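Trainee: I have a structure I would like to understand better, so I am pasting it below and will then ask my questions one at a time.
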Amino acid sequence: MDTILSINNLTKKFGYLTAVKNLSFTIKKGNVYGILGPNGSGKSTTLGIVLNVVNKTEGDFHWFEGNTSTHDALKKVGAIIERPNFYPYMTAEQNLKLVCRIKDVPFSKIHEKLEIVGLLERKDSKFQTYSLGMKQRLAIASALLNDPEILILDEPTNGLDPQGIHQIREIIKQIAAKGTTILLASHLLDEVEKVCSHVVVLRKGVKLYSGRVDEMISSHGFFELKSNKKEELIALLESHPSFGNIKVADQLVTAFLNEPIKSEDFNQYLFSQGIILTHLVQRKESLEEQFLQLTDNNQN
Amino acid sequence: MLRLLNLELQKLLLNRTSKTLIFVSFILPFFVILLSSLKINVFGFFTLELGELGIFNFPIIWHLTTFFASQFKFFFAIVVVSMIGNEYSNKTIKQNLIDGLSKKEFILSKFYAIVFFSLISTVIIGLISFCIGLYYSSYNEASIIFSEIEFLFAYLVKLIGFFSLCLFLGMLVKRSAFALAFLFIIFIAEWIVFGLISWQSDVAFASKIQNVFPLKSMYNLIEQPFQRIAMSKFPNKGELIYDYAVHLHELAIVIGWTALFVFLSFRLLKNRDL
């Protein structure tokens, strides 16, 4: 598979503060990547470095296997960083024309991309009259102008209302479905979970994990159980070798697995022991739970 | 090169404020010169006709119009500092770079715009001086008409130099108002240094030093023409004689500053995290 971006031992220091520390990862073509991390974990700094607006302190990065200079490579990249940045006194169309001139793209693309983000009827309105959601959608249109090989989005839904968030996500999903590689930085985990196949997890500039979303934590998931004989159930679970940690909250008993068990086998076993369940759910940790677990484990 | 110029022209000409200021700085002086060359009847008392004073004679007209027009450069200076200030306040500088403009191209596109407008201004002033001169001048031999045409070149170099300084200040402080304040501070600082040196040694030495300072060196390219006009009226008064000509070393100093300012602007941007 083609490598789009490779980062090797990248470090960025702002004075005494180390924003990114010895970071390495690669982006392969066709996947949707998420960069996860709390605020101030170095996500935007990392993106800033590879996008040529922040100077690195140490390490290096290569676009497209290192065959092109960074500024030529950026013509094959579409990127939005934090806030949508356009000239307020120009209309949407004029702003996009300017981007076309920078990227050496024909003006004919403008119509097509405005249609994707649903801004065609407002193309002659000045940018300053746009709502935040529209500004963000215009930014996506602008990033798509050159039919980029990779789309980089940094907190694309930040500050939007639920409808705006939904619209942006739908657009991202559409783009991902066409096979465009996407790199999405976010601290909103459900957002990453919904669209990404791979994640890079950062904390205080240090990489904690990079790889597939579903392999982030080697875990067999857990059962959520309810029963009228709660105490007997807990006693049984604690003596069972397949279960590790057991949490009780109100009526709900959560039992974490040490080894895989099928829910039907488990149910049958409990029934044979005279415990009848009123509620049985087997699932894996959500990305949020995995993320918190991962960042907690590395706290010390 | 054309791509970068187009880019900058789009940014400037779609902005109403900069469009107005560009108009004022380049078109207004040309109208004022045009009007002053007409006969003006002051409330019927007397007729003012500057042309009769001989100031529109070749070759002095080249000196007069370029000096006069260069006073309007301040309006375009506002445009130059605000074109940098706006890029920072709208954060479009960041977006431009992300979209694939290199830092070098960013500075070059600004510099090309400066050269472009300075050229246009020079051509306009050249044409209007030529026409008014032909109309009023008592001399019409080509050798006299085109003598001292170097004032036009000096005007071009002076504009490009001055606007490059503004570009550098804009890049340095990122805010247009502060950049203009800085310009004023440089002006004062040059005179303070001049004062200090002449206090410590002598005035002649101090003015030699001052002549290489950015603002003073730009002024030196086209000195005030009034004394020269007076000189032509009273040729016997020796104390009026001064050196008003355009010298090669003066041009070299300003071109040197221009190169330095553009280079420093690039260095600033290169080392800066946006």
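Residue 1 is the first one shown; counting continues down the chain.
In case you wondered, yes, glycine gets a Cβ from its N, Cα and C as well.
Pasting the relevant annotations from TrEMBL:
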TRANSMEM  B:21-40  transmembrane segment
TRANSMEM  B:60-84  transmembrane segment
TRANSMEM  B:111-136  transmembrane segment
TRANSMEM  B:151-170  transmembrane segment
TRANSMEM  B:177-199  transmembrane segment
TRANSMEM  B:251-269  transmembrane segment
Trainee: So if I exclude everything within five residues of the ends of the transmembrane segment (B:21-40), which remaining residues of that chain have a CB under 8 angstroms from its CBs? That is, six or more out.
Mentor: 12-13, 47-51, 56, 65, 68-69, 71-76, 78-79, 117, 120-121, 124-125, 128-129, 132, 135-136
Trainee: Return the stretch with the most CB pairs under 8 A relative to the transmembrane segment (B:251-269), choosing among B:60-84, B:111-136, B:151-170, B:177-199.
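Mentor: It is B:151-170 that shares the most Cβ pairs under 8 Å with the transmembrane segment (B:251-269).
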Trainee: So what's near the transmembrane segment (B:177-199) in sequence-distant terms, Cβ-Cβ under 8 Å and 6+ beyond its ends?
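Mentor: Residues packing against the transmembrane segment (B:177-199) from afar: 77-78, 81, 84-85, 165-166, 169-170, 205-207, 209-210, 213-216.
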